[in-house]
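K.L.:
Handing you this structure, nothing more for now.
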Amino acid sequence: MNFYLMTSLSAFVITLSLSLFVYLKDKKNPINKYYGLMNFTLAIWTLWDVLSMFIPPADIARGIMVSRICYAFAIFTPVFYVQFVYAISRTNNVPFVLGTGYFASFLLLLAVLFNFQFVKGLEPDMVFGYMRSRMVGGLTFDLFTLLYFSFAFYGLYILFISIRRHTGQVRNQIKYAFLASVVAHSAGPIYFLTMFGVKIPALDTLLVTSNTVIVAYAITKHNMMDISVVISRTMAEVLTILFHGTIYLTLVWLYRVAFSTSIDLPFLIWTILYGILVGQTHQQIRIFLQTTADKLFLRGKYDYYKELSEASSRVGAKLSLPEILRVLYKTFQDVVEITNPRVYLPEFFVKGEETSDRYLLYDKETCLPREEEPALGMDSSMVKELTAARKPVFGGKELEAALLVPCFLEERLIAVFVLGPKLSEEDYTDEDMRLLNVLANQAAMALDHTRTYEKIKADMEAAGRQRIGALERTLEELRVKNQELENAKREAKEKADEKAGELEKGKE
């Protein structure tokens, strides 16, 4: 078996798949955006390792053309990596670093397109007993090597210092990003040394695959990116197909051994019957495998009813809006494991003197309204339906939601929970509804209290600012009066000096 071809092909398929899943899930999220772009360029880079096994070294023209196409994408991997590091570590972009990176990348792109000392030729190379075409780089390829390692070490440094700056889930996300980066960049020295003709085991694509596995684990375990449902469902789907396929192949083998080696009428009949059985059981088995995997790997316990009840008590004990939102989002994501949970509040939630005409999404990180996201109008059909029903309502396609949970206090709709499907993709049960209703009622009271609390705090801060302003004005007036007194004293002294001078002259 061609080990290098298998690891290269696996790295290409897995990296490309994850890049598309992540990017298409939330293109507006910088973490998803730059991780997707970085993995896409890395996948095309890895594609050269796959194709190099099929292009003979003698076919120089085709080999150079294919390698240039792959490297036209690969040269952007370092700068996309640094942008991903900035996003995952919550670090402000450094314009000089990014400007230098993009400028160098575009210069290298020109070198690749016009083949200015980037690809000099091809040489035969043995990898794990199989022949491949090794690209021979020129001067600008050496510059690409320098760019890669410079940005790799810089990104690792940013991640390392960011681990100490953050706590909780964000810190865990950065830790896994750092670990994945160390593994991925360990492939760099191996890859570039083999490109320069050094005879060492070419394990670079295996390390690239390991990096992707680490990130996939971080996605599902620590919500690095909101695509855990994609990872979970894909794995369950593959396992279900393997389960049914294994049974079918076993039945075919038994039939050939015990009855007949030809495709006869009995073979067709039981094959059709097995196909019907697969159609009837595939979804149930897939959900069972997905839910079981979630119970084993995503949580140590699955008794979220108790956790959800305790979360209702924690919400009622909070007065600060950010604290309430953090409890709600943590409960939705970590306890019930709902995909894409969102909390909508009135636009001017804290500013009680202003009238809101819509509900806005409040961000789970900043706890601030996000005006760029779809809003819920006070007179929209969804709000009217929630007001009439006064209980959770299924649907909400406009917001890509599976369930809308209203938070009522008397006749006032304080907030709306916009919830996606459960991670397991099981339906919401009556028990789920009851407990979500309890949480919504507690949240409504807590949010109403916090609005009063925030308003009182804002009024006190405004009054404090007014008092400070009045004090500053008083001090300014005193400073002016003091200056006037100083001026008067100086004028009196000058007049006294003049009179004294006149008296002295009179005496003379």
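The backbone N, Cα and C atoms fix where each Cβ goes, glycine too.
When I checked TrEMBL for this same protein, it listed these features:
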type     : residues : note
TRANSMEM : 6-24     : transmembrane segment
TRANSMEM : 36-55    : transmembrane segment
TRANSMEM : 61-82    : transmembrane segment
TRANSMEM : 94-119   : transmembrane segment
TRANSMEM : 139-162  : transmembrane segment
TRANSMEM : 174-194  : transmembrane segment
TRANSMEM : 231-251  : transmembrane segment
TRANSMEM : 257-277  : transmembrane segment
DOMAIN   : 320-457  : domain 'GAF'
REGION   : 484-508  : region 'Disordered'
K.L.:
Who are the long-range neighbours of the transmembrane segment (94-119) in its own chain, taking Cβ under 8 Å and residues 6 or more past its ends?
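P.N.:
Long-range Cβ neighbours of the transmembrane segment (94-119): 64, 67-68, 71-72, 75-76, 78-79, 82-83, 86, 135-141, 143-144, 147, 151, 154.
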K.L.:
Can you work out which residues elsewhere in the same chain, 6+ from the ends of the transmembrane segment (174-194), have a Cβ less than 8 Å from its Cβ atoms?
P.N.:
81, 84-85, 88-89, 125, 127, 134, 145, 148-149, 152, 155-156, 159-160, 162-163, 166, 200-205, 207-208, 210-211, 214-215, 217-218, 222, 224
K.L.:
Which residue counts does DSSP give the domain 'GAF' (320-457) for helix, strand and coil?
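P.N.:
Counting residues per DSSP class in the domain 'GAF' (320-457), I get 55 helix, 32 strand, 51 coil.
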K.L.:
Residues of the same chain, at least six outside the transmembrane segment (61-82), with any C-beta under 8 angstroms of its C-beta?
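P.N.:
Sequence-distant neighbours of the transmembrane segment (61-82): 34, 37-38, 40-42, 44-45, 47-48, 51-52, 55, 97-98, 101-102, 105, 108-109, 112-113, 115, 118-119, 121-122, 133, 135, 144, 147-148, 150-152, 154-155, 158, 181.
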